[in-house]
Amino acid sequence: MNRSSRAITYVPLGKWLIIEMAVLLILSLLWLLESCLAGYSALIGGLIFVIPNAYFAHRAYRYQGARQMHLAVSNIFRAESIKLALTAVFFAAVFTLMEPVHVPALLFTFAVMVVLGTALRWLIRPRPQR
Amino acid sequence: MEMVFIAAALIIGLGALGAGIGFGLLGGKLLESTARQPEMANQLQTKAFIMAGLLDAVPMIGVGIAMYLIFVVAG
């Protein structure tokens, strides 16, 4: 049994969140050059991804280790369901409650954040620590 | 107008179907491989977590487009 397999995995949730928020702010500032509404919509579009994703990452690592793997898997399933439901609810709330909204800025920023979130998990992986 | 709702339902339904199949396979393989090699559990969980991120990207975008169709195009 090597050292990394015995270690507890540290999930860089804070680092992911900071990078995501920094990119979101940069994208919002870029959309702000077009109009104030576009910048605001871009910020909202990014937050629609960041908040459910942070919940998913937090909940998916609630249990670790071989003895609790069935709990970890069930938590991943529940977290994914809640993440998709939260995303749908946030989009519905924005489209019904927020008037007016710059739809291209909202959807473009959301799509960029989805791709960035996946790339971040791949590039900055959770590290095993003793 | 009804076609918009059908399109949104197809986007959400097929996205959820794909994500469900993918997560079922992912979770099943994670449990199976952890049972085979319990000492690798943490590394396997990390890899499953990364794959979960890849898996839910397309359904997430689909949910966004479907909500746009329902509440902006049809609404």
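In case you wondered, yes, glycine gets a Cβ from its N, Cα and C as well.
Unlike curated entries, TrEMBL annotations are predicted automatically.
Per TrEMBL, the features are as follows:
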type     : residues : note
DOMAIN   : B:6-69   : domain 'V-ATPase proteolipid subunit C-like'
TRANSMEM : B:6-27   : transmembrane segment
TRANSMEM : B:48-74  : transmembrane segment
SITE     : B:Asp56  : site 'Reversibly protonated during proton transport'
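Within its own chain, the transmembrane segment (B:48-74) is flanked in space by residues 1, 4-5, 7-9, 11-12, 14-16, 18-19, 22-23, 26-27, 29-30, which lie at least six positions past its ends and keep a Cβ under 8 Å from the stretch. Taking Cβ pairs closer than 8 Å, the transmembrane segment (B:6-27) reaches residues 48, 51-52, 55-56, 58-59, 62-63, 65-67, 69-70, 74 in its own chain, all 6 or more past its ends. Under DSSP, B:Asp56 (site 'Reversibly protonated during proton transport') is assigned to coil, being neither helix nor strand in the three-state scheme. Here the domain 'V-ATPase proteolipid subunit C-like' (B:6-69) has, by DSSP, the following mix of helix, strand and coil residues: 62 helix, 0 strand, 2 coil. Around the Cβ of B:Asp56 (site 'Reversibly protonated during proton transport'), the same chain contributes B:Ala19, each under 8 angstroms and 6 or more positions distant in sequence.
Confidence in the domain 'V-ATPase proteolipid subunit C-like' (B:6-69), given as mean pLDDT, stands at 91.
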